[in-house]
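Below you'll find the structure, written out as structure tokens, and then a few comments.
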Amino acid sequence: MESRKREDHLRKGSEVSPYESLLAGSISGAVARAVTAPLDTIKIRLQLQRSAFRSRVSVTTVVKDLLKNEGAIALWKGNVPAEILYVLYGAAQFTTYSSISRWLSHLSDTSGFNLPSSAHSLVSGTGAGVVSTLVTYPFDLLRTRLAANSEKKLLSMSGTAREIISSEGFTGLFAGIKPAMLSISTTTGLMFWSYELVRETLGDRDIPFKEGICGFIAGATSKGITFPLDTIRKRTQMYKILYNSAKRVGAFRLLADIVANEGVLGLYKGFGISVLKTSPTSAVSLFVYEYSLAAIQRINRKTLD
């Protein structure tokens with residue numbers, strides 16, 4: 001029983017069906033979002049500040065102002081599209097990861113093309129990030145727009161979507177998808193790579209909450225490397241509002257603008273709260289996925305018996 005509980009379903013050679021990973025990934029996404037929603041709202045508010053890094057508003061000030069002016073419910077602004085985003089993203093991410101992982105293992109068996117375990121996880125994770133971004137991006141953009149709204153009155157997801165389509169066209173729902181694709185695919189690939197690296201390092205040690213610990217370290221590592229890309233993604237999603245311009249600019253132009261006006265550290269606004277949010281999210285996501293998958297497989301085996 002214990003060996004089943006501690007099985008690494010993300011390792012190279014693990015056999016997981018698309019149905020199993022789809023269901024476990026959906027559960028994982030829903031739980032992870034419910035736990036970390038307020039931190040996500042605070043992170044987005046910090047990332048959208050345009051002042052120089054030294055004159056940035058602190059996390060404490062952002063939280064105090066938000067609670068004072070908008071009420072505690074504002075910590076969950078954008079939660080509806082975000083919950084949909086996380087469920088869809090979790091399902092797409094883990095299903096794609098297991099599918100690519102199986103394909104790479106099959107390729108190794110048939111052609112002799114054999115990637116090291118770390119590269120196997122990195123490639124599978126990066127592919128999972130690309131597919132997940134394509135599937136869920138409009139919800140990511142809506143989540144950002146709603147969380148960034150500083151008015152006390154809450155905006156609806158459908159109303160915000162209609163406003164974007166009306167003023168920016170249907171493609172407005174995909175504003176910033178290029179930096180998002182780069183940011184998310186890189187982050188996801190590094191997260192799975194880090195997770196497997198830590199699990200291999202720990203080996204068979206019986207450590208409580210082992211999957212969560214590995215996920216926490218993986219989340220912190222991947223976010224630390226790719227955070228500037230995430231900041232550019234958020235700025236691109238909010239460009240029309242932040243810069244009062246209907247014209248879109250490329251990621252490199254926006255990068256240069258941030259560095260010129262806010263300094264290099266401007267790319268790291270909200271980094272602390274982001275790590276505080278991303279690390280627990282990765283921990284919960286990977287922990288819940290592993291145990292949900294183990295439970296689903298046990299139920300399936302009992303049904304077959």
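Glycine is no exception: its Cβ is also placed from the backbone N, Cα and C atoms.
Keep in mind that this is a model prediction, so the values were computed, not measured.
Feature annotation from Swiss-Prot assigns repeat 'Solcar 1' to 16-103.
Residues or ranges marked as repeat 'Solcar 2' in Swiss-Prot: 116-201.
Assigned with DSSP, the residues of the repeat 'Solcar 3' (206-295) fall into helix, strand and coil as follows: 74 helix, 0 strand, 16 coil. What Swiss-Prot records for 206-295 is repeat 'Solcar 3'.
According to Swiss-Prot, the transmembrane segment annotation covers 16-32 (among others).
Per Swiss-Prot, transmembrane segment is recorded for 84-100 (among others), and the stated evidence type is sequence analysis.
Sequence annotations record features per position, and here Swiss-Prot assigns transmembrane segment to 122-142 (among others).
Here Swiss-Prot flags 169-193 (among others) as transmembrane segment.
Long-range contacts of the transmembrane segment (213-229) within the same chain, counting only residues at least 6 positions beyond its ends with a Cβ under 8 Å from a Cβ of the stretch, are 179, 182-183, 186-188, 190-195, 198-199, 202, 207, 255, 267-268, 271, 274-275, 278-287. What Swiss-Prot lists as transmembrane segment is 213-229 (among others).
Panel annotation: around the transmembrane segment (270-287), residues 10, 28-29, 31-32, 35-36, 39-40, 42-47, 59, 90, 191, 195, 209, 211-220, 222-224, 227, 230-231 of the same chain, lying at least six beyond its termini, place a Cβ under 8 Å from a Cβ of the stretch. The transmembrane segment annotation in Swiss-Prot covers 270-287 (among others).
Residues of the same chain lying 6 or more positions beyond the ends of the transmembrane segment (84-100) and with a Cβ under 8 Å from any Cβ of it are 9-10, 14, 16-18, 20-30, 32-33, 123-125, 127-129, 131-132, 135-136, 139-140, 143, 188, 192, 285, 289.
The predicted model assigns the repeat 'Solcar 1' (16-103) a mean pLDDT of 84.
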